[in-house]
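S.K.: Sequence annotations record features per position, and here Swiss-Prot assigns active site, proton acceptor to 62, 130 based on sequence analysis. If you look up Swiss-Prot, you'll see 128, 135 marked as active site, for ring-opening step.
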């Protein structure tokens, strides 16, 4: 694990972008993408760049269950707003939150991931240590699955909705087992509210109670944090 401390999320986005650029020059074909506020500056750097993604595949970590892709709170909408509309890919993949048969959707998404090994995975981290929507207690070897969102996650995401009652209670998420197969993982985290999770992830025991702690076992992980998020290291 390599930890890089930056002044702010703008600098963090630039460093994450530089790491991506290096991997693309080395032949990266598939990007694993995350949503939430942490990776936004990374996407802004991509949009400003001259990088061409027309021959590349993207695979997103997760999507809410029960929300249409056209809904402005869906992760599909988020990705189009922050990246896809400006930088077209050969193929974009997200779980279908409106799939009638979630078991079949899980099989479909696992097949997509298996057919497109992820070269570069961008991650955020939840206050409770979740990566993707893999909440505490999630088995480390799990692949795509339906998640019942933790109350802390629902509360954290409620700022994007009119009311906490509007926040979906379930999501489809790429599993930790799939995330760990990514060749390179870059995790970005900013703000004091992430400090406890960052410290536990890096210094604590490897335990399913802290999903991100499994990253200690990965061969190529870069953690980009501002001083606040790094304050308990």
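Each position is counted from 1, following the chain as shown.
For all residues, glycine too, the Cβ spot is worked out from N, Cα and C.
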S.K.: To the nearest whole angstrom, state the Cα distance for the pair residue 135 (active site, for ring-opening step) and residue 128 (active site, for ring-opening step).
M.R.: 8
S.K.: Determine the Cβ neighbour count for residue 135 (active site, for ring-opening step): the number of other Cβ atoms within 10 Å of its Cβ.
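M.R.: Taking every protein chain into account, the count is 21.
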S.K.: Hey, how far is residue 128 (active site, for ring-opening step) from residue 62 (active site, proton acceptor), Cα to Cα, in Å?
M.R.: 17
S.K.: Rounded to the nearest angstrom, how far is the Cα of residue 130 (active site, proton acceptor) from the Cα of residue 62 (active site, proton acceptor)?
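M.R.: That comes out at 12 Å between the alpha carbons.
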